[in-house]
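Following: one structure in structure tokens, then a few remarks.
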Amino acid sequence: MAVEGGMKCVKFLLYVLLLAFCACALGLIAVGVGTQLILSQTITQGTTPGSLLPVVIIAVGAFLFLVAFVGCCGTCKENYCLMVTFAIFLSLIVLVEVAAAIAGYVFRNKVMSEFNKDFRQQMENYSKNNNTASILDRMQKDFKCCGAANYTDWENIPSMGKGRVPDSCCVNVTVGCGINFKEIYMEGCVEKIGGWLRKNVLVVAAAALGIAFVEVLGIVFACCLMKSIRSGYEVM
């Protein structure tokens, strides 16, 4: 039995929200992949709580896309069972997102600690591994930093030698510019990158709140449509 009156409006709004869910799902997958790429270049030793966060984000995004598809089918066919499934799964996604946000906050210092440790380990391999050297050079150029805590960290790397840092530490990069510390960045990369993350965490938090709000609206509209469908079954 087709819904009537105000429920037609609810059904239309639910369609709009389902499109938003698909967009949010793709956005979460993109954020998860991007975060994983960044962490794979910094945290390389073993599995940590921080390194699992991108996997959770990608999984939630993929699951949200599947749930949106179920909701679309349930709304189109006005199927009570599909709408119940949609509402339950969407509620689970909201709970997982809240848990992931809490885990990200709780383990934020752990992530920075692992980053600091791995950055120093990669510094040890700078002259031994071209890929490692390329990653560190790019990070030092992009964030205008040098070493982990500061430029003097490179003095503790035997392969670098005294009075020298990688050329990527230079303000104006030229071959051999890192010798005798000529116009180099003094600030360390760990703190620089940590500051960049802290600045952007508010944007991520705002986006997460927006997605959660849309999901809660989806649950409310789904429940309204479920009630209307059930009432139609009872009349029949």
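Using the three backbone atoms N, Cα and C, a Cβ is placed for every residue, glycine included.
Listed in sequence order, Asp167, Cys170, Glu183, Ile184 are the same-chain residues at least 6 apart in sequence whose CB falls under 8 Å from the CB of Cys177 (disulfide bond). The annotation disulfide bond is assigned in TrEMBL to Cys145-Cys177.
What TrEMBL lists as transmembrane segment is 12-39 (among others).
Sequence annotations record features per position, and here TrEMBL assigns transmembrane segment to 51-73 (among others). Using a Cβ-Cβ cut-off under 8 Å and counting only residues 6 or more beyond its ends in the same chain, the transmembrane segment (51-73) has close neighbours at 14-15, 18, 21-22, 24-29, 31-33, 35-36, 39, 43, 79, 82-83, 85-86, 89-90, 93, 96-97, 100, 103-104, 107, 114, 218, 222.
Within the chain, the transmembrane segment (80-107) has long-range Cβ neighbours (under 8 A, six or more residues past its boundaries) at 48-50, 53, 56-57, 60, 63-64, 67, 70-71, 73-74, 205, 208, 211-212, 215-216, 218-219, 222-223, 225-226, 229-230, 233. Sequence annotations record features per position, and here TrEMBL assigns transmembrane segment to 80-107 (among others).
Residues or ranges marked as transmembrane segment in TrEMBL: 201-226 (among others).
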